[in-house]
Amino acid sequence: MQRRGQDSLELEARLRLSYINSKVFREDPSKSRGPGPAGSWITMESTLNAGIAMAEAMQNQLPWLEKVWLWVTFLGDPKNLYLFYFPAAYYASRRVGVAVLWISLITEWLNLVFKWLLFGDRPFWWVHESGYYGQAPAQVHQYPSSCETGPGSPSGHCMITGAALWPIMTAISSQVASRAHSRWVRMMPSLVYCTFLLAVGLSRIFLLAHFPHQVLSGLITGAVLGWLMAPRVPMERELSFYGLTSLALLLGASLIYWTLFTLGLDLSWSINLASKWCERPEWVHMDSRPFASLSRDSGAALGLGIALHSPCYAQKGKSSSCLFSRVHKKQSQQQD
């Protein structure tokens, strides 16, 4: 207990020192305390200011793209992976569909943990909290999709959607490569994948939901996770595997949450800031709270296992196998 108390006091002291340095630097940069927290604060402040400037330029110089960005950010919403992308992929290919769902739930869980650990601000509240724009307010405004309540780093739209769409991209690429001889045609699925994710990232900057570095980290992390996880999707596993996976996601996130809470970290800080600085209360997305995505992930893992082991699914698989055998037998007879 004594050791835990000392660790909590040390952590609180470091946070206080970081806050003091940031405040001193804002008032007088020449008084920043050495190359430690103040030096890193200078770099981060410059990065965040550049992000606000980019969002301001996009909103004021390209206002005619507003509806395009709103539509693109809707298409990149991780919730749509469960509602639209997974059913469509499963209809085309059982393996690809299961891969989309599995990668979505694992990546969304990892994104939740990353956001808890990285404490990333979102532009729509940072522009007010920072104090930099008190004299000359930034010419930016919010949208209904801006006011998410979770921390901002890394971007979930880029990370989760990028990882989950990876098996779709690779499946289409293999089909195109087997039919097309042109190199550019074979590259089209990859180009569409990259262009779509880039558009999703720009839409998040435009809406003041993320800073550019949060988008970039989400894009890189999502592509790497998609590449790593696509060949390792569990297809033929026991129901207990999916049940234990669901329980592990739920208990693992809860353990991390209470560990950070015990160390004195307030993980509801982003919810408070989102509620404070969102222009309209009805724009605050309660379904973007951390435990909302956690319940979706654990439920999806358990639901996937139940669906794959249901009698209806087994009967459908048997019927498809019998139909394939009959077609193959008929073709062989015609050839003879």
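Using N, Cα and C of the backbone, Cβ positions are placed for all residues, glycine too.
Per TrEMBL, the features are:
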- His157: active site, proton donor (ACT_SITE)
- His210: active site, nucleophile (ACT_SITE)
- Arg122, Arg204: substrate binding site (BINDING)
- 96-230: domain 'Phosphatidic acid phosphatase type 2/haloperoxidase' (DOMAIN)
- 98-118: transmembrane segment (TRANSMEM)
- 159-178: transmembrane segment (TRANSMEM)
- 190-209: transmembrane segment (TRANSMEM)
- 215-234: transmembrane segment (TRANSMEM)
- 241-260: transmembrane segment (TRANSMEM)
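Note: Arg122 (substrate binding site) has non-local neighbours Glu148, Pro151, Gly152, Leu208, Ala209, His210, Phe211, Ser270, Leu273, Ala274, i.e. same-chain residues 6+ apart with C-beta under 8 A of its own C-beta. Calculated from their C-alpha atoms, the gap between the residue listed as 'active site, proton donor' and Arg204 (substrate binding site) amounts to 8 Å. Summarising the environment of Arg204 (substrate binding site), the number of other Cβ atoms within 10 Å of its Cβ, over all protein chains shown, is 31. Secondary structure of the domain 'Phosphatidic acid phosphatase type 2/haloperoxidase' (96-230) per DSSP, as helix, strand and coil residue counts: 96 helix, 1 strand, 38 coil.
The Cβ of the residue listed as 'active site, nucleophile' has 32 other Cβ atoms within 10 Å, all protein chains considered. The local packing around the residue listed as 'active site, proton donor', expressed as other Cβ atoms within 10 Å of its Cβ over all shown chains, amounts to 30.
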